[in-house]
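K.L.:
Here Swiss-Prot flags 475-490 as compositional bias 'Acidic residues'. Annotated domain 'SPX' per Swiss-Prot: 2-145, in sequence order. According to Swiss-Prot, the region 'Disordered' annotation covers 475-494. For 249-269, 280-300, 317-337, 339-358, 377-397, 413-433, 515-535, 546-566, 578-598, 606-626, 671-691, the entry in Swiss-Prot reads transmembrane segment, with the evidence type sequence analysis.
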């Protein structure tokens, strides 16, 4: 892993070198502070004051240069505006082409400025993170709170690129006008065939979205998948050709279908799980164990599927389909065997076939960057659609008949239908999936060996390129670079974590809080969904069809809610603000769900459940967005990646929630609702408190 300081130097725009954050100087000062504090020669108060002043100066330098460049771009646009107006009066094809090229040139310079701002924003985040890590302070919280919220904030100039929006709008609008030839031609027959989009405008929009982390609907949906991108921007997509060679549309489609079918498989039994349990001689609340058995097995399957995807995508998907076919077959046959054990084994098999880790990994590794966001949004949409279709399908399977000794009814038909679905999918997979080409495998090294080797390689390469005799200044600079590289290799190495323990060590307080929030929302949602059939039957006498319709309606809210949040709300408020409000709304939904004194009514249950579910859906998107932002880049690849950690946190929450339902059954059905909601309330309050403590580090 090349140190960030080196990457900053390599990727920076040469003529603007003096205006970038002096990352090397800031790192040197952090080391100096550390030595002085250890020697007792410096007070902590002086360190904070001096470092704040240095960082303020660096940000001021960046912000003022941004304003200067914006002024130059605005001046050029103003000049072009006059030529554009003249063109409207006297149309001229050659002059129009000239204007388009001039606007594109401004667009290219605007791209350079956006790239400049993004590199500096990353540098500021990294130096703040390094300072906190070195001294154990919560300096980032203090600095962001005092600077970002100030009315004359220069920090906001960098992180919110204040003023650049007008330049982006002017370039885009004028190019669009010229491209659509408004007033430029006397006759429609003279109009050539022009592309609908200009590449420069597309590049500018992509750069702005990346810089602001703007969450339009597509981006907001994609964040649910927690498929992390490279942190450092690059003017060109260096991996584009390689990714295009590995990408295969039908293989991507098969991964998305796998995601959809698995979510259908998860939720298709929810409306009838209590009835199935009672028909086999168990209590209705054993439905918690039946539903949760799949999640228990998924705890283990997520790990081995994630590891397996390092070597192949096709074989894990084949194995997943076979295991899910067997699991659903056992689930369906449990009725005729009159065995709760066979039922549970069937659900365990279904959990062992969870290939969501493979689906995520395929999108992350094989889908080209230009369509990865669409693929990630497709992954989330497939999950949401499966979640809605599962209960709806169960509501349609209200028939009963026998073929020989096999019983087909509302309890067993979900198993039979899913077994047939997985069998068809298996055949399609075997025919259409194409295994992507892989790079030659390297002998794995320990992180210590990798870091040492990386530093040695850098030193050797530099030794071959540099002259034999160096000046004392050059020697000192080289020594600092080597030290920086060594530190970056040990602290910010991009080598993937090679164990759960190694991954856990990479979790900062902010990441731990986000994982706690993810645990909380999955726990609350699982309680709501899994006990819905028992609660509604006890209080309201609902039939299986009524429960299925209720769950189907909940599932249908996912996409519209994300559309509203992703397209509007997230563009008006910061992610951390939406996060905190969503947590509070989940807490409100939980409180409204309690059965206290008044008779429990359908409106109370439906409204409180809707508030809880919708708020949790909004919370999930924002939570995973922030999680991908604050998580170490070492967790973006490998077996023990961020996606696996979030999946495990959510799965553990589901397991505990389903176990809670079964245990609460011993208190009687009249106590089930309140007993299961109490842990949800406690965890939700804890997550709100934890969010408040880490609020200023979520940026």
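Every residue, even glycine, has its Cβ placed from backbone N, Cα and C.
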K.L.:
Which stretch, 249-269, 413-433, 546-566, 578-598, 606-626, tops the Cβ pairs under 8 Å count with the transmembrane segment (377-397)?
P.N.:
249-269
K.L.:
Please indicate, using numbers and ranges, the residues of the same chain that are 6 or more beyond the transmembrane segment (413-433) and have a C-beta under 8 Å from a C-beta there.
P.N.:
248, 250-251, 254, 257-258, 261, 264-265, 268-269, 272, 313-314, 317-318, 321-322, 324-325, 328-333, 346, 393-394, 397, 399
K.L.:
Do the transmembrane segment (317-337) and the transmembrane segment (578-598) share at least 3 Cβ pairs under 8 Å, sequence separation 6 or more?
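P.N.:
The answer is no, given that the two segments have fewer than 3 Cβ pairs within the 8 Å cut-off.
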K.L.:
Where does the mean pLDDT land for the domain 'SPX' (2-145)?
P.N.:
81
K.L.:
At a threshold of under 8 Å on Cβ distances, which of 249-269, 339-358, 515-535, 578-598 pairs most often with the transmembrane segment (606-626)?
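P.N.:
Looking only at 249-269, 339-358, 515-535, 578-598, the most contacts with the transmembrane segment (606-626) come from 578-598.
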K.L.:
Might you confirm whether the transmembrane segment (515-535) is in contact with the transmembrane segment (339-358), defined here as three or more C-beta pairs under 8 A between residues 6 or more apart in sequence?
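P.N.:
Result for the transmembrane segment (339-358) with the transmembrane segment (515-535) is no.
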K.L.:
Within the domain 'SPX' (2-145), how many residues are helix, strand or coil going by DSSP?
P.N.:
126 helix, 0 strand, 18 coil
